[in-house]
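One structure is given below, encoded as structure tokens.
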Amino acid sequence: MSPHRETTGDESTTTTVPQNGTNGAAAPELVAVPTNGAAVKAPETLAVQNGANSRVKPIQRSSHLVAADLDGEFDLICVGFGPASLSVAIALHDTLAAGKKLRPDGSSPKVLFLEKQTRFAWHAGMLLPGAKMQISFIKDLATLRDPRSHFTFLNYLHQHDRLVDFTNLSTFLPARVEYEDYMRWCSAHFEHLAQYDHEVVSVTPAVKKADTVKLFAVEARNNVNGQVQTFRGRNIMLATGGKPSFPKSFPVKHPRILHSSQYAYMVPQILTDKNAAYKVVVVGAGQSAAEIFHNIQNLYPNSSTQLVMRQEFLKPSDDSPFVNSIFNPEYIDALFPKSAKGRSEFLVDARATNYGVVRLELIEELFERMYAQKRVLGPDERTWPHRIMGCRQISNIEPHGDRLEVKIHGLSDGVVNSADEEILSADLIIAATGYQRNAHIDMLKSTWEMLPKAVPGTAMFNKGVTGWNVDTEQGERKLAVGRDYRVQYKAGSVAGDAGIWLQGCCEGTHGLSDTLLSVLATRSGEMVQSIFGTEH
């Protein structure tokens, strides 16, 4: 994670989540979460847990967006109910609250959110004690689009009687657990529109008229009973978040190998003795890796930890004001028209804002810890309990009982040096190695035939800077989106009042802010405009 690496996706798939108090004083406690099946009727009011003082405040659900018959036709189905979809719900509410029409007859649009998690949660696995947000609270789910919205972070504070006290903190960066609580407060207004424990498996054309698709079918598996249910909608928005990514050298699955997205709630279950001398290997060079490396040492004072990374050293993130402008909403308009080569060069040049970088304060604290070990134990790092192992790569992992044998090789100019080998023993390996954001490709497989033919593949295309190539029986096709995030199907194949939109997987065309929180408020307004058009 970098200063902007507050991603929008929901990567956790567990049915238990940590209780998020805003004091962040201890490791998260595990609590059981009730499942929300398709047949559960939403109450008129909902209650959310306010982490500041454990008060429960009633939340009135949105009166502008009403629940529709699940067997009917929806105007919009959102796949995923994380921050991206939540911001769209807020934009819809605000548009209607302002007296504008989204349907010709002025009625409320029929909207449905399908979410595989048991309830709304944002990065539950990385809500660490003391962790701060890395973007300003002004870039919340509403302010940059409409500062008067009910759903601003400042109004959340006001509703919970903390606005003055928060002001006295003199910061733009709230605690991460408080910001997650803010988003859960927002989501509580729309719980009646969400079907949790529903994992979407496919989106297919459902109704055609003269070879033009008028309606799509969304198939979702109920994770409680395993049944597959079909929902129908004119417009479909895919906002599925990222899938945890592991290095190729890692076993396919092992109970003592975790992804950083599982950290906060899985580690206490595996490493149960706070005083034990556990050996933990953390893999990665970004903010999440550094935070976990730091946090393990605090939680388990007798542990030994190794931070293994291909980079030579931890690098600070660049969050200077001029560089920060690439996360401004208007920068998307400057980037999208560029050539594939221009966008590719931009992504490489801007990596220091978002990938493989760490906040300077944390780097300085970790360096101080490494220095203290050197001062007390001497220069031989192999005698230190905590090591940052740069220019290293894990080549192999072998299970040995309850432990893992980790074979590490040094890198020379990016190439593995077989002579530089070290074997570590680990009770736990945590991979802070990012996410894959390509679930939409297979999810839309049944629509590939409607895509235009692809120009012979180039290296640029593989980076997603112009889209994605897919192989069909009729040859290679091009899956790409327009400036409004709408999938570009062949002319006439999809009706003008129907379509599919992508969120959180368009970094190659729309910039580094695409997977982040930075532009959600303004982008959601654009999405509503694109899907529902101007006021009727």
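Positions of Cβ are set from backbone N, Cα and C atoms, glycine also.
Remember, predicted model here, so these are calculated numbers, not experimental data.
The feature region 'Disordered' is assigned by Swiss-Prot to 1-25.
All chains included, 23 other C-beta atoms sit within 10 angstroms of the C-beta of L516 (FAD binding site). The DSSP secondary structure for L516 (FAD binding site) is strand. Under the heading FAD binding site, Swiss-Prot lists E115, K116, Q117, T118, R119, F120, A121, W122, H123, Q134, V200, T515, L516, L517, citing similarity to another entry as support.
DSSP assigns N324 (L-ornithine binding site) to a helical segment in the three-state reduction. Taken from Swiss-Prot, the feature L-ornithine binding site covers K139, N324, S325, I326, F327, N354, S518, and the record attributes it to similarity to another entry.
What Swiss-Prot records for R310 is NADP(+) binding site. Non-local neighbourhood of R310 (NADP(+) binding site): A285, C391, R392, Q393, L411, G414, each in the same chain, at least six residues away, with C-beta under 8 Å from its C-beta.
Within 10 Å of R119 (FAD binding site), counting CA to CA, the binding-site residues S325, I326, F327, N354 contribute nothing. When other Cβ atoms within 10 Å of the Cβ of N324 (L-ornithine binding site) are tallied across all protein chains shown, the result is 16. The separation of L516 (FAD binding site) from F327 (L-ornithine binding site), Cα to Cα, is 9 Å.
Here K139 (L-ornithine binding site) comes close to L517, S518, V519, L520, A521: these same-chain residues lie at least six apart in sequence, with C-beta atoms under 8 angstroms from its C-beta. Of S325, I326, N354, all annotated as binding-site residues, the residue with the shortest Cα distance to E115 (FAD binding site) is N354. One residue stands out among the binding-site residues R119, H123 for having the most other Cβ atoms within 10 Å of its Cβ: H123.
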